[in-house]
Ligand code: ADP
Ligand code: MG
């Protein structure tokens, strides 16, 4: 994929000067992270890593990703309301994966007591790579959908100015004008604001469940700031605070420090390490409440890799979205090969295929946050170890997407600018709000492009592998 940055990437002196300008602009725009040395403090911060140039993205695939986002929102919402589908889909997984089992347990408890929540809010991000086919064509293939704590909407709103700056310095005004405007944080905040409004209590607040050590705080603040501009107040608390100072009244309204909470927005709680016993209890308290959870526990489960794999089975989309064949076709077109590893013949065949062609597959456990998947020789060893064990049901197997690499220059605090072969992953942010059975909002609200060196199979920006980027439509 040609962008025309080729010759620019060869002039080392010019790159260094451009990098200095780009970094200063990124800092000025607020493309910031706290440092790994002081993740709880904003006294000294640095820029979030990013590419010096925007990276090529086929316009048709960008449009396709935007066009299918409302369908993915509908699908996630449908799965979250389908207790039978969730139970069937996750039954083998929860036997062997204690984290998913714990989430599922809360889901069951809430169902048993009766769901008090009447307004539902989804803020998700569907991620894709561009499969490069042998005939030279490219295809949009979904990597996963994130239904909890989907991040970088705030920083992605601020990176277009940085790339426009770089291209303007080079006198490339026509190219600079091609960088798309992007404001996911505004759209995400609009979803929270709508849910807050439908909850219908003027003095109620938004409770952001935060981690103590949060390098990505400026990303979250971008959303908080948008809400405050609408006069909606956000309080940041940890799970531990909820267990100490959170309570429900007899109508299961949620109170924190005596203040009513309309919306709970999770930026924590998506990994096993986020939960102590006390935190699980806090999560249950939040789920039992009538506050709008973003996401509620069923929607978090709808985002598991096991659900993703089951959705790709023949007939499943049709049964979840009846009477919507066009939406089904748009969704299915983005699916890569996905294979169950449940005990049985189907799983045995998948394992045999993956062991025979390791470079064509990825082995995925039910985890979020990057760095958990297995590839190549490591995958083969794991599959051989798991072959005869029920534990294999806690994984899925996925076709490995092979994008065409391109060259770009990655900028990270403390490292020299590096020109390397890269691949990108495109995310589209989706927002929906449902009141009872009525969908009152369903839209896409922006994008995120992340780029990484080809030698890294796995990992996102937070994991220190990928960097922020912008699509350069080609
Ligand atoms: P996580 O929930 O940890 O983000 P992902 O499914 O997004 O899990 O995988 C993490 C990273 O691994 C992705 O960002 C991508 O770089 C890489 N990856 C995942 N699935 C595939 C795939 N099928 N083909 C190629 N790379 C993949
Ligand atoms: Mg991911």
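The backbone N, Cα and C atoms fix where each Cβ goes, and this holds for glycine too.
Fair warning: this is a prediction, and the values are worked out from it, not measured in the lab.
Listed in TrEMBL:
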BINDING   125, 148-151, 214-216, 220, 267-270, 450, 461-462  substrate binding site
BINDING   144, 146, 368  Mg(2+) binding site
BINDING   144, 305, 364-373, 375, 398-401, 425, 452, 458  ATP binding site
DOMAIN    205-302  domain 'Glutathione synthase substrate-binding'
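Closest to residue 220 (substrate binding site) by Cα-Cα distance, out of the binding-site residues 144, 365, 368, 371, 452, is 368. Close to residue 270 (substrate binding site), meaning Cα to Cα within 10 A, are the following binding-site residues out of 365, 368, 452: 368.
Separation of the C-alpha atoms of residue 146 (Mg(2+) binding site) and residue 268 (substrate binding site): 13 Å, rounded to the nearest whole number.
When each of the binding-site residues 365, 371 is scored by how many other Cβ atoms sit within 10 Å of its Cβ, 371 comes out lowest.
Note: residue 125 (substrate binding site) has non-local neighbours 145, 146, 150, 153, 427, 428, 429, 430, 448, i.e. same-chain residues 6+ apart with C-beta under 8 A of its own C-beta. The Cβ of residue 400 (ATP binding site) has 21 neighbouring Cβ atoms from other residues within 10 Å, across all protein chains displayed. When the binding-site residues 144, 365, 371, 400 are compared by Cα distance to residue 151 (substrate binding site), the shortest distance belongs to 144. Taking the centroid of the Cβ atoms of 144, 146, 368 as the Mg(2+) site, the other same-chain residues with Cβ within 8 Å of it are 125, 127, 145, 147, 148, 150, 270, 303. For residue 144 (Mg(2+) binding site), the nearest of the binding-site residues 268, 375, 400, 461 in terms of C-alpha separation is 400.
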